[in-house]
Amino acid sequence: MSISNDSLASTVPGDELPSSYPVFSSDFSYIKPSHVLDVVTVTSTAGPEATDDPSYSGFYSTVISTQNPEPTSASTPPSASASSLPNGAQKHNHTGVIAGPIVGVLGGLIVLVIIFYCLRHFKRKKFLAEQQEFERQFEEEKSRLAAVRKNTEQEKMGYRGGYQMHSTPWASSPRNSTIPQRSQSFYNDTRRSSDLGANAADFVTPPGNVANSDNIRILKRNSIATIGNYRSPSALEKRRSISYGAVQSVQGRPLAPIPGRRPLSISSDLYNDSNSGSHSNDDSDETKLKQSSTESSSELLDEKDKFDKNSLNDPFVTIRKSSYEHEISEEHKKHSKKRSEHF
């Protein structure tokens, strides 16, 4: 049985089919009306126990109808009317629509990275060129100063540098003696006490295996008696001195005379102090003259030579009794006579 146009037109909402009219049949054919746009799908499925009995032919049925308010011709393909744009261009779902901005952003970032890399490269190249130029000028200045120093350097009698710390490296002290212990005072280390260099030599010998009594002290210092808190200070750790401008011995005496300075001895200072203390304030000028004459000579004279200084004929030890000193001594005698007469 076929479905006519008039009978299918009654399926518009609001109208009902007659209950006795068979909508579905096995020989399915219909004429599509003009007011139906897209789809009229009629699905006829057999039941789970399909037989040739026509009573089982309409087990499942679905009708989907879409209506168009403006009916068009049925010969128009639905895809052409749905995808046509007003300007006539076709809308394509290309991947370039999404990948285009991504590629553009990535390209811009890569260009920025390349620009910054070039800037860094040129700046580093310029810095390296300046560094090489500075090193070349520095080497030239060093060589020039070395040449000037070599030309102007004179032979000096002693070391006349700056602050210098002498420490003896040759009897390697054990580690337990270099770490101070808490039984000692924090501010007064007993290893740096007042008998600095009591057993040390006057002249510091060069480092090496020197066979002196200081090396034998290692046996005593590493023994079990020195592990406790009461150990005797060793001479090796104290053998150090500080020199300001001249090489010094351990006790602090200079090893070489400094040119341009006159060495003064303790004996001459004591001699001058005793002379100046025995006179009154009126004799200060004469005392100064006596001090200037005895300072340089008392270091070089023996005790027996101090009584006959005028009899010396050594040209290197010249003690002049000048006529000026004779005149001053005569004036002093006259002045003392006048004072005695006055009193």
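Along the chain as shown, the residues are counted starting at 1.
Using the three backbone atoms N, Cα and C, a Cβ is placed for every residue, glycine included.
Annotated region 'Disordered' per Swiss-Prot: 66-89 (among others), in sequence order.
Annotated compositional bias 'Low complexity' per Swiss-Prot: 71-84 (among others), in sequence order.
Per Swiss-Prot, the feature transmembrane segment maps to 96-116.
Positions annotated as region 'Disordered' by Swiss-Prot: 161-191 (among others).
Annotation source Swiss-Prot lists compositional bias 'Polar residues' at 165-188.
Under the heading region 'Disordered', Swiss-Prot lists 252-343 (among others).
Here Swiss-Prot flags 290-299 (among others) as compositional bias 'Low complexity'.
Feature annotation from Swiss-Prot assigns compositional bias 'Basic residues' to 334-343.
With a cut-off of 8 Å between Cβ atoms, none of the residues of this chain six or more beyond the transmembrane segment (96-116) come close. Per-class residue totals from DSSP over the compositional bias 'Basic residues' (334-343), listed helix then strand then coil: 9 helix, 0 strand, 1 coil.
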